[in-house]
Amino acid sequence: MNTMKTTYIVLELIIAVLSIAGNVLVCWAVAINSTLKNATNYFLVSLAVADIAVGLLAIPFAITISIGFQVDFHSCLFFACFVLVLTQSSIFSLLAVAIDRYLAIKIPLRYNSLVTGKRARGLIAVLWLLSFVIGLTPLMGWNKAMSGCPNSTNETGADHGAGHHGCFISCLFENVVTMSYMVYFNFFGCVLLPLIIMLGIYIKIFMVACKQLHQIELMGNSRTTLQKEVHAAKSLAIIVGLFAFCWLPLHILNCITHFHEEFSKSKPEWVMYVAIILSHANSVINPIIYAYRIRDFRYTFHKIISKILCKTDDFPKCTTDNNQHLTVTNVNAPAASVTI
């Protein structure tokens, strides 16, 4: 094993540990702090669960694949597809949060009755199901079985056809997943399109908020709460932006590989390693953003860590002074409030 691959594996293991620790902290915070139990944060928990799975399962799979060991074709294909499931779940969670924030600021009077915790949990279940369908699509036939298996042999040295489970190959991502799936279906249809939709939603959120701030004569308190809503939208938009920053390089490399086959043969090995590490590092970022930008999470993280380090018996309840509420207020109407 060369130095570059060893460095890659060490960095992946560090990312895995940080991802698991940080996102378990997010789930723990929502579980113990009642002010964090709302539809928006349920979507963030879904995102955290996907990031935990990245650290717990996807990164070990990625390390295994990078080694290129000999394994049954469909087992290798499952390893390769699993990270696609988690990526798709993250995309859907971010899209759900964007739509949730748009509804909160666009129809504040109906928001609380329309967006409930029960509906959010049901939607999360549906989105995870869709993520599995999309991510595991290569297992249904859109893969490199025909080109990957005919010349491969099993442990006894006997040749096997593409459709047989005894087909053993060197388990590398590009040996099992077609670039046509990765580029046209996964990237263009299931990653880039939702990112463009989210960009449009957040632009619309800021336009609506600015219009309300400038055209409606709000009372001091109402103006403050609307500004808090805008601050929250900015925090979530940052998360989307960082997701795009971390994942687009890998997808761009896939596009170049697909449209320029000679690049796939000549590209430096380190380029792909950097792109993969960057994509996995995204799973570490979100808890940091929550702690830095969202007061409720910061407060609860502090209490959890204090409890662990100081061995305190009870978890102190949050006071309203330490909570950041996302509230959209309409003139002459009660506020629709949700805390994240």
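Cβ coordinates are placed from backbone N, Cα and C, and glycine is handled just like the others.
Quick caveat, the model's predicted, so the values are computed rather than measured.
His280 (adenosine binding site) carries a helical DSSP state (H, G or I). Less than 8 angstroms from the CB of His280 (adenosine binding site) sit Glu12, Ile15, Ala16, Ser19, Val54, Ala58, Ile59, Ala62, each of them six or more residues away in the same chain. What Swiss-Prot lists as adenosine binding site is Glu174, Asn254, Ser279, His280.
Counting only same-chain residues at least 6 apart in sequence, those with a Cβ under 8 Å from the Cβ of Cys76 (disulfide bond) are Ile65, Ile169, Cys171, Asn175, Val176. Residues annotated as disulfide bond in Swiss-Prot, with sequence analysis given as evidence: Cys76-Cys171.
Annotation comment: Swiss-Prot describes Asn151 (among others) as N-linked glycosylation site.
Residues annotated as N-linked glycosylation site in Swiss-Prot, with sequence analysis given as evidence: Asn154 (among others).
The S-palmitoyl cysteine annotation in Swiss-Prot covers Cys310, and the record cites sequence analysis as its basis. Sequence-distant neighbours of Cys310 (S-palmitoyl cysteine) (same chain, 6+ residues apart, CB-CB distance under 8 A): none. In three-state terms derived from DSSP, Cys310 (S-palmitoyl cysteine) belongs to a helical segment.
Taken from Swiss-Prot, the feature topological domain 'Extracellular' covers 1-6 (among others), and the record attributes it to similarity to another entry. Long-range Cβ contacts of the topological domain 'Extracellular' (1-6) within its own chain (Cβ-Cβ under 8 Å, at least 6 residues beyond either end) map to 66-67, 269-270, 273.
According to Swiss-Prot, the topological domain 'Cytoplasmic' annotation covers 32-41 (among others), on the basis of similarity to another entry. Broken down by DSSP into helix, strand and coil, the topological domain 'Cytoplasmic' (32-41) contains 7 helix, 0 strand, 3 coil.
What Swiss-Prot records for 66-76 (among others) is topological domain 'Extracellular', and it gives similarity to another entry as the kind of evidence.
Per-residue pLDDT, averaged along the topological domain 'Cytoplasmic' (100-119), amounts to 90 for this model. Swiss-Prot lists 100-119 (among others) with the feature topological domain 'Cytoplasmic', giving similarity to another entry as the kind of evidence.
Swiss-Prot lists 143-178 (among others) with the feature topological domain 'Extracellular', giving similarity to another entry as the kind of evidence.
Per Swiss-Prot, topological domain 'Cytoplasmic' is recorded for 204-235 (among others).
Here Swiss-Prot flags 260-267 (among others) as topological domain 'Extracellular', drawing on similarity to another entry.
Per Swiss-Prot, the feature topological domain 'Cytoplasmic' maps to 292-340 (among others); the stated evidence is similarity to another entry.
Non-local neighbours of the transmembrane segment (7-31) in the same chain are 37, 41-42, 44-45, 48-49, 51-52, 54-56, 59-60, 62-63, 66, 273, 276-277, 280-281, 283-284, 286-288, 290, 297, 300-301, 304-305; each lies 6+ residues outside the stretch with a CB under 8 Å from one of its CB atoms. Positions annotated as transmembrane segment by Swiss-Prot: 7-31 (among others).
The transmembrane segment annotation in Swiss-Prot covers 42-65 (among others) and is backed by similarity to another entry.
If you look up Swiss-Prot, you'll see 77-99 (among others) marked as transmembrane segment, on the strength of similarity to another entry. Under 8 Å from some Cβ of the transmembrane segment (77-99) lie the Cβ atoms of residues 40, 43-44, 46-47, 49-51, 53-54, 57-58, 61-62, 64-65, 120, 123-124, 127-128, 130-132, 134-139, 143, 171, 173, 176-177, 186, 190-191, 194-195, 197-198, 201-202, 205, 236, 239-240, 243, 247, 279, 282, all in the same chain and six or more residues away from its ends.
As a whole number, the greatest separation of Cα atoms within the adenosine-binding residue list Glu174, Asn254, Ser279, His280 is 18 Å. Under DSSP, Cys171 (disulfide bond) is assigned to coil, being neither helix nor strand in the three-state scheme. Sorting each residue of the topological domain 'Extracellular' (66-76) by its DSSP state yields 6 helix, 3 strand, 2 coil.
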